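Written out below as structure tokens is the structure these notes cover.
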């Protein structure tokens, strides 16, 4: 019989976080759009308002998750994986895991794109985040996009997906089904049919890292390393195009 550890939070809490995140983000977007017409705002601020909203949405996702756990259930951060009892293990799995995820996902991505191109002659579109990076009009804009991808998103997404959703799925279905279901949610959340399987694989590996280390820090690090490698490679491409 599979042993399942119950979580204090439930499915309604997960749904509540999602509803509040998207509702508040939408409200902030409407406020920004309505205010723009009445104020003299710097052109640069106008050009990054979508990026600002992405920051807001990411911070809301992690912040609301922690708020529910703290306010509603009186849980400490260590109760949801914020522990550094074995820093060496966290660093090992975080760094190696991030590199492994990046390699596997790159290979899987290229394989999928090759198959689709050969079978149907369809060229997969570039990811929105990649387009945003490569179309950055200044080093500052590239840095801000990179900051969101490498630092903010890994922290807030890991709080929600590995610290919040995965333990709940595991409590209901057991370890492996819980890993698969949480990875499915992770893949669906990225809203891209082209990236579904690579992101699903990434979710599986990140949940396993969480299981191995019992620390959300290792998942944040692995996720950050994965994204940092991609952003670093894109920076070289962007820098070359920008200089030209």
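Note that Cβ sites are derived from N, Cα and C of the backbone, with glycine treated the same way.
The feature transmembrane segment, as given by TrEMBL for the ranges 12-32, 117-137, sits at 12-32. Outside the transmembrane segment (180-209) by six or more residues, the chain places 93-94, 97, 100-101, 104-105, 108-109, 112-113, 124-125, 127, 157-158, 161-162, 165-166, 169-170, 173, 218-219, 222-223, 226 with a CB less than 8 A from a CB of the stretch. DSSP assignment over the domain 'CAAX prenyl protease 2/Lysostaphin resistance protein A-like' (142-229) gives 79 helix, 0 strand, 9 coil. Through the fold, the transmembrane segment (44-69) approaches residues 8-9, 13, 16-17, 20-22, 24-25, 28-29, 32, 36, 75, 77, 79-80, 132, 137, 141, 144-145, 148, 152-153, 155-157, 159-160, 163-164 of its own chain, all at least 6 residues removed from its boundaries and within a Cβ separation under 8 Å.
Sequence-distant contacts of the transmembrane segment (140-160), counting only residues of its own chain at least 6 positions beyond either end whose CB sits under 8 Å from a CB of the stretch, comprise 17, 47-48, 51, 54-55, 58-59, 61-63, 65-66, 80, 129, 132-133, 186, 206, 216, 219-221, 223-224, 227-228, 230-231, 235, 238.
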